[in-house]
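Before any comments, here is the structure.
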Amino acid sequence: MTLRTINAKDAASLDRDLMNEGGFSLDQLMELAGLSVSQAVYRVHPPSKGRNVLVACGPGNNGGDGLVAARHLAHYGYKPTVYYPKQGKNELYERLKTQLHNLSVPFTSDFLGSLQTSDLVIDAIFGFSFSGPLRDPFPKVISLMEETQVPVLSVDAPSSWDIEAGPPKEGPGAKFMPQTLISLTAAKPLVKWFKGRHFLGGRFLTKGVVERYGLDIPEYPGVEQIVEVDVNGEGKL
């Protein structure tokens with residue numbers, strides 16, 4: 001069975017529906033997304049594999065998901081370090097940073113140096129709303145994630161990938177294939193290029209929303225906020 005996906009326009013519409021008629025706030029959606037990311041990390045990279053996690057955050061909501069995930073990981077016993085070179089304007093991001101500071105989670109401006117001592121990288125730079133071109137410092141950061149032997153988990157999309165067309169034909173990200181991808185709420189069309197472990201996160205959709213957008217939402221086991229889903233991606237770059 002081919003996994004049904006949702007394009008960028010419908011993903012944005014779905015978020016608006018959740019916050020309008022659904023009654024969710026942005027804070028809630030970001031908290032649920034970040035919790036899902038943290039559970040995916042625990043599933044593929046338990047603390048026994050290494051506790052040093054580098055969380056690369058972009059300026060938008062994808063970066064906010066990364067900040068939330070870092071907080072949860074700190075409570076799980078990991079040692080997250082956050083790379084957050086360009087903070088978004090929403091005051092929510094400042095509050096998320098305060099929560100991390102209160103847990104003594106370090107922030108770094110040296111991505112390469114932190115990468116060299118990390119056991120896992122969370123790519124929370126760009127999500128479903130990304131459109132190029134890449135701006136500094138992110139081309140270099142994406143190239144480093146592309147080249148590293150450290151496993152990478154991408155949030156909603158491997159950064160630099162187009163939501164519809166997948167990886168760029170050339171430049172940073174053209175050969176970027178993270179080991180793990182967690183799609184938030186629903187998978188995006190880019191999953192057909194992905195080859196790795198794929199999770200779905202975001203256990204809060206109503207039956208009406210699922211039917212309206214024609215989504216495939218598998219059953220979540222127990223109290224889990226994530227479910228592993230095979231995308232049968234070609235994975236050829």
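Just so you know, the numbers here start at 1 and follow the chain as drawn.
Here the Cβ of each residue, glycine as well, is placed from N, Cα and C on the backbone.
Of all the Cβ atoms in the protein chains shown, 28 others lie within 10 Å of the Cβ of Gly63 ((6S)-NADPHX binding site). Look at Swiss-Prot and you will find Asn61, Asn62, Gly63, Gly64, Asp65, Gly127, Phe128, Ser129, Phe130, Ser131, Gly132, Pro133, Asp156 tagged as (6S)-NADPHX binding site, backed by sequence analysis.
According to Swiss-Prot, the feature K(+) binding site maps to Asn62, Asp123, Ser159. For Asp123 (K(+) binding site), applying a Cβ distance below 8 Å and a minimum sequence separation of six or more within one chain yields Ala56, Met145, Val152, Leu153, Ser154, Val155, Pro158, Ser159, Pro178.
This prediction places the mean pLDDT of the domain 'YjeF N-terminal' (11-223) at 94. The domain 'YjeF N-terminal' annotation in Swiss-Prot covers 11-223 and is backed by sequence analysis.
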**Message:** Using DSSP and collapsing to three states, where does Asp123 (K(+) binding site) fall: helix, strand or coil?
**Reply:** strand
**Request:** Would you please pick out, from the binding-site residues Asn61, Asn62, Ser159, the one with the fewest other Cβ atoms within 10 Å of its Cβ?
**Result:** Asn61
**Prompt:** Measuring Cα to Cα, how many angstrom lie between Gly132 ((6S)-NADPHX binding site) and Asn62 (K(+) binding site)?
**Reply:** 16
**Request:** Compute the mean position of the Cβ atoms of Asn62, Asp123, Ser159, which form the recorded K(+) site, and then list in sequence order the other residues of that chain whose Cβ is within 8 Å of it.
**Result:** Ala56, Gly58, Gly63, Gly66, Ala124, Ile125, Phe126, Gly127, Ser154, Val155, Asp156, Ala157, Pro158
**Item:** Same chain, 6+ residues apart, C-beta under 8 Å of the C-beta of Asp156 ((6S)-NADPHX binding site), given in sequence order
**Value:** Asn62, Asp65, Gly127, Phe128, Leu181, Ile182, Ser183, Leu184, Lys188
**Message:** Using CB atoms and a 10 A radius, I'd like the single residue among the binding-site residues Phe128, Phe130 with the highest neighbour count.
**Reply:** Phe128
